[in-house]
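Undergrad: Please find one structure pasted underneath; my questions will follow.
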Amino acid sequence: MQLGVNVDHVATLRNLRSTAYPDVVRIASKAVECGADFITVHLREDRRHIRDGDVFALKKHLAVPLNLEMAATREMLEIAKKVAPRYVCLVPEKREEITTESGVDAKGMFEILAPVVSDLRQSGIGVTLFIEPEKEQVDYAKKLCADKVELHVGAYCLSKSQGELERIANAAAYSHEQGMECHAGHGIDYGTAATIATIRHVSALNVGHFLICESLLHGVGSAVRNMKKIILEQRHNA
């Protein structure tokens with residue numbers, strides 16, 4: 001099982017004082033050194049944390065794949081084609097939200113998403129759709145020719161309900177049946193990571209805010225190593 005580390009909130013801290021530190025590339029590189037299999041960043045339209053220069057610098061210096069989260073807009077598409085990350089993850093975006101509140105509606109936004117997915121894939125960039133854990137959303141992700149789906153697991157991480165966990169497990173199994181790799185992300189901490197890691201067809205977890213918070217107490221290396229240890233042990237014992 002793989003671990004993706006999202007470093008958006010390293011940039012949030014930097015931007016609060018308009019300083020050059022903390023350095024997003026240095027923190028990302030430390031995360032990789034300590035077990036991160038790929039690095040994720042969300043380049044939002046309002047540039048509230050990650051900025052264009054961060055994305056280009058990460059692509060240049062990282063020894064692991066870069067996963068670029070972005071809205072399905074013309075501006076972001078052109079940036080992605082210039083950066084050429086290994087993967088782009090298409091997400092919904094609202095200016096007033098604190099963080100991404102839900103998955104992208106692959107059915108309702110089909111006509112908007114289709115040309116963006118096609119253009120990215122023709123440019124040699126793999127495409128992931130960040131979706132709710134629902135079979136219909138998986139179906140439309142497949143119709144859009146997405147390479148992967150990432151399940152929005154925020155509802156489970158907040159509620160810890162068995163019903164939400166079953167939704168994730170069912171959507172992951174269905175994604176596998178449809179031939180699409182399945183990741184999970186949003187709101188994950190050590191406890192929820194341990195549980196989600198037992199779901200056979202979830203192949204990677206994306207974790208950001210929690211790991212950055214843990215890093216303030218224990219350091220980046222310790223936080224990332226602990227998370228990687230937990231998910232690998234849970235997967236092995238599942």
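Note that Cβ sites are derived from N, Cα and C of the backbone, with glycine treated the same way.
Under the heading 3-amino-2-oxopropyl phosphate binding site, Swiss-Prot lists Asn6, Arg17, Gly187, Gly208, His209, citing sequence analysis as support. The 1-deoxy-D-xylulose 5-phosphate binding site feature in Swiss-Prot is assigned to Asp8, His9, Arg44, His49, Thr99; the stated evidence is sequence analysis. Summarising the annotation, Swiss-Prot assigns active site, proton acceptor to His42, Glu69 and lists sequence analysis as the type of evidence. Per Swiss-Prot, site 'Transition state stabilizer' is recorded for Glu150, and the stated evidence type is sequence analysis. Look at Swiss-Prot and you will find His186 tagged as active site, proton donor.
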Undergrad: Between any two of Asn6, Arg17, Gly187, Gly208, His209, the residues recorded as binding 3-amino-2-oxopropyl phosphate, what is the biggest Cα to Cα distance in Å?
TA: 26
Undergrad: Please report the distance from the Cα of Asp8 (1-deoxy-D-xylulose 5-phosphate binding site) to the Cα of His42 (active site, proton acceptor), rounded to the nearest angstrom.
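TA: With distance taken Cα to Cα, His42 (active site, proton acceptor) is 7 Å from Asp8 (1-deoxy-D-xylulose 5-phosphate binding site).
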Undergrad: Taking the Cα of the residue listed as 'active site, proton donor' as the centre, which of the binding-site residues listed as His9, Arg44, Gly208 lie within 10 Å of it?
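TA: Candidates kept after distance check: Gly208.
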Undergrad: Would you mind sorting out which of Arg17, His42, Gly187, Gly208, His209 (the recorded positions) have a C-alpha within 10 A of the one on His49 (1-deoxy-D-xylulose 5-phosphate binding site)?
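TA: Cα within 10 Å of His49 (1-deoxy-D-xylulose 5-phosphate binding site): His42.
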Undergrad: Among Arg17, Arg44, His49, His186, His209, the recorded positions in question, whose Cβ has the most other Cβ atoms within 10 Å in this structure?
TA: His186
Undergrad: I'd like the number of other C-beta atoms within 10 A of the C-beta of His9 (1-deoxy-D-xylulose 5-phosphate binding site), please.
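TA: Result for His9 (1-deoxy-D-xylulose 5-phosphate binding site): 20 neighbouring Cβ atoms inside 10 Å.
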Undergrad: Including all protein chains shown, what's the count of other C-beta atoms within 10 A of the C-beta of Glu69 (active site, proton acceptor)?
TA: 26
Undergrad: In terms of Cα spacing, which of the recorded positions His9, His42, Glu150 are within 10 angstroms of His209 (3-amino-2-oxopropyl phosphate binding site)?
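TA: Of everything listed, what lies within 10 Å of His209 (3-amino-2-oxopropyl phosphate binding site) (Cα to Cα) is His9.
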Undergrad: Between C-alpha atoms, which of these recorded positions comes nearest to Asn6 (3-amino-2-oxopropyl phosphate binding site): Arg44, Glu69, Glu150?
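TA: Considering only the listed recorded positions, the nearest one is Glu69.
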Undergrad: Could you check which of the recorded positions (Arg17, His42, Glu69, Gly187) sits closest to His9 (1-deoxy-D-xylulose 5-phosphate binding site), going Cα to Cα?
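TA: Checking each of Arg17, His42, Glu69, Gly187 against His9 (1-deoxy-D-xylulose 5-phosphate binding site), the shortest Cα distance is to His42.
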Undergrad: Which one of the recorded positions (Asp8, His42, Glu150, Gly187, Gly208) has its C-beta surrounded by the most other C-beta atoms within 10 angstroms?
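TA: Comparing the recorded positions Asp8, His42, Glu150, Gly187, Gly208, the most crowded Cβ belongs to Glu150.
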Undergrad: Counting distance between Cα atoms, which of the recorded positions Arg17, His42, Arg44 is nearest Glu69 (active site, proton acceptor)?
TA: His42
